[in-house]
Amino acid sequence: MAEYTPMIQQYLKIKAEYQDAFLFFRLGDFYEMFFDDAIKASQELEITLTSREGGSEDRIPMCGVPHHSAPGYIEQLVEKGFKVAICEQTEDPKLAKGVVRREVVQLITPGTMMEGKGLVDKENNFLASISEYSDSFGIAFSDLTTGESKVTKLSLQIDELINEIYVNGVKEVVVDPTLAEEVKKKLIERCQVTLSIETETSIPSDFERSVEILENDSQLLSTFGRLVNYLQKTQKRSLEHLQPVQVYHVHQFMKIDFYSKRNLELTETIRSKGKKGSLLWLLDSTMTAMGGRRLKQWIDRPLIQQSDINNRLNMVETLLNQFFERQELRELLKEVYDLERLAGRIAFGNVNARDLVQLKKSLQQVPHIQEVVQRLQNENASSIAKRIDPCDDLTELLDQSIEDNPPLSVKDGDIIKDGYNTILDQYRDASRNGKSWIAALEKQERERTGIKTLKIGYNRVFGYYIEVTKANIHLIPEGLYERKQTLSNAERYITPELKEKEVLILEAQEKIIELEYNIFTDIRETVKRYITRVQELAKMISELDVLQCFATVSEERHYSRPIFTNGELQLIDGRHPVVEKVMNAQEYVPNNCQMDDNRSILLITGPNMSGKSTYMRQVALTSILAQIGCFVPASEARLPIFDQVFTRIGAADDLISGQSTFMVEMLEARNAIVNATSNSLILFDEIGRGTSTYDGMALAQAIIEYIHNNIGAKTLFSTHYHELTSLDQQLSQLKNVHVSAIEDQGKVVFLHKIKEGPADKSYGIHVAELSDLPKPLIARAQEILSQLEAGNKQESKPESTLSVQVGQADKQLSFFTDTKPVVVKETNELPRKDKQLLDSIKALDLLDMTPLDAMNKLYEIQKKLKA
Ligand code: ADP
């Protein structure tokens, strides 16, 4: 190390403390990176890699970014999950002896980003810490941008832990190095988080309020301690906007696990991972960013206390009925900026005057909001109105002090209003007087010399000057002005008098700017004292925003208020909220659903694409909507309060963790079976499809029996195994329903209508026809099907057809029930090639093929036949 220059030595010393981060090393107007950091950063950021002398034999790899464009680069790296340590010069280079002192002033990480595109207005950015104890996991969360903090304890099940991290959209998790490898691995694979290490867990003294809250639980205290220690070490500044921590328990809310959240597309779609097309997207008529975040939190955590749910529903109903008040509220909310994030920036010390104007404008809406709430005819309205704190004194302070349209920079003046500070006013007078004196001088000199184009100007280098064009110079009386600067077509002059005034004006201006900055920082400090009140206010406003959003959506989409029961579920004309929205409302076919103690399991059959999974999802989404306090897409809805929702829908392969569809399917099924209670809702869509027919059907039946006999959860089970429909003979609470379809001139027409009883036919080929496969191919498929069906009746069962005993024997093979006899040539008369082909068709396991597989096979067969 000794061979390096002192600066590189300094670099290496600092870098040693931040090995897992890119070190942005401030050098003049640039942040430079060296060695491996430089090589990696040049690739990640696509910037030029250079090198420099550093004292050693080899040149040192180097790359850098100008400091003014650094935020964009930092953001890019952090977005990719990296950390960036910002190392600044912490003494004036002019005064430094030897190498300028440098220190890391902030470590920016995925979980601690305060600004940038990565921060979505309507999403939280939670950082989490995890501690493992002998009997539990402790988790703590903080969103630095909004100041929210919360903690909870979970049993030692890794899946639950992963679920909590996933639900909260965490990008970074702080752990102890000794945390089990398996947990770390899953966190990275499943939640794609950045892992950070923090061993210190004792809580620093400035978190008294949180310590009081957690004092009886040393585990939660140390989990939270890990988090705040990490925050303090990385942010190196005030964290006073962190609100007192909230303790929550997962069982206080409806539990929806990781898989189900994804399957039901609550906040993002499976395919695009985007918000569009999700329940959140459908619902989001919030007017503020805070409301948007609160909405997402509510969707993530539906309630289970009937009184809490009804409080929300009451307010939604009131807002729905009082249209004018709701519209007024929406207009007012539109003017409210992101108070939570403003509070965060205030605490962080990086607000500018424009932020404070936003704060003022937002606060100015609050008395009006209060007044509208007061007018609501709801038993809670007046207590809510009372709890809304408009922070009048703060509004007044900001209104008196900060200009309405201040510049972005807080260092160039023009921020503070006249009349706020007497000394400032005096300087401004001097400066303004000076300026009007100069205007008067210009007039006077024009008259004196008779030069109409004479003007007085100012520039930074020469100060004030009198400018006369070359053509008029001869008009200036001898000795009147002193020449200062010659331009191509004009001369610039000064006079002693002008010089004298100039000193006064410039001095006043300098003082103004300095004083304005000081006044501004004082105000900023004063505003800090209001952070807690502003955060409380933000919370109230965000909740009001979500409630008005529910009312707005419920009205627009004709939802109705759900009524809660002790177990019965009854939907009249229910709809899938998102599918209904994306398709033409007239085309959507509403459906009823009836489930109770005698009908706790519905076995749903019907052709592919007929609407089975839409129907199942609709039931789950309706329950979730009800339990977050929103009206629901049905003309009448009577619902139990579900403690948990489990789903196994669709074949979304879990590519990230490399698990096969079947494995994921079984994991999801297991999760439901192990955790569900009689108060839970289970949706199983085509379970058992991922394996061979026998296995799949056997598993599906065993699962149904198990739920029926041991759990009693309300269950919707769709299947393509028609054999399972006979289970109703044996399981008293299982009922068959089917999605109806009719054949119209040889084509299938989906009615999307749920009817009692099992479906009678599989429409695979008809469905394939809808996909616009070539007509001759479809015709041939029909022909083959007819032959198969005929063969099936005439011959003894080929080995490959199903022979699993499910329920009654006569219910077997309902797949091809209404077959018409087809005249087939005697097989021994067929040419060998055709016979082989027919045999291969017979051997096909149709139930285990997708329509596309079937088409491919057909295509092959046809090709051979034509050859
Ligand atoms: P399945 O699960 O039976 O294969 P889906 O539930 O995926 O079928 O539905 C297939 C398509 O049918 C949906 O994408 C939707 O466009 C349409 N659909 C489903 N249910 C309805 C309905 N009730 N009314 C109108 N269209 C529907």
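Placed from the backbone N, Cα and C atoms, the Cβ positions cover glycine too.
These figures come from a predicted structure and were not determined experimentally.
The feature ATP binding site is assigned by TrEMBL to Gly606, Pro607, Asn608, Met609, Ser610, Gly611, Lys612, Ser613. Per TrEMBL, domain 'DNA mismatch repair proteins mutS family' is recorded for 680-696.
Residues from the binding-site residues list (Pro607, Asn608, Met609) with a C-beta closer than 6 Å to any atom of ligand 1: Asn608, Met609. Within 8 Å of the centroid defined by the CB atoms of Gly606, Pro607, Asn608, Met609, Ser610, Gly611, Lys612, Ser613, the record's ATP site, lie the Cβ atoms of Thr614, Ser718, Val739, Ala741, Phe750, excluding the listed residues themselves.
Neighbours of Gly611 (ATP binding site), defined as other CB atoms within 10 A of its CB across all chains, total 25. Secondary structure from DSSP puts Lys612 (ATP binding site) in a helix. The number of other CB atoms found within 10 A of the CB of Lys612 (ATP binding site), across every protein chain shown, is 27. Confidence in the domain 'DNA mismatch repair proteins mutS family' (680-696), given as mean pLDDT, stands at 81. Local packing around the binding-site residues Asn608, Ser610, Ser613 was summarised as the count of other Cβ atoms within 10 Å of each Cβ; on this measure the leading residue is Ser610. When Cβ neighbours within 10 Å are tallied across all protein chains shown, the highest count among the binding-site residues Gly606, Pro607 belongs to Gly606.
Note on Met609 (ATP binding site): other Cβ atoms within 10 Å of its Cβ, all shown chains, come to 19.
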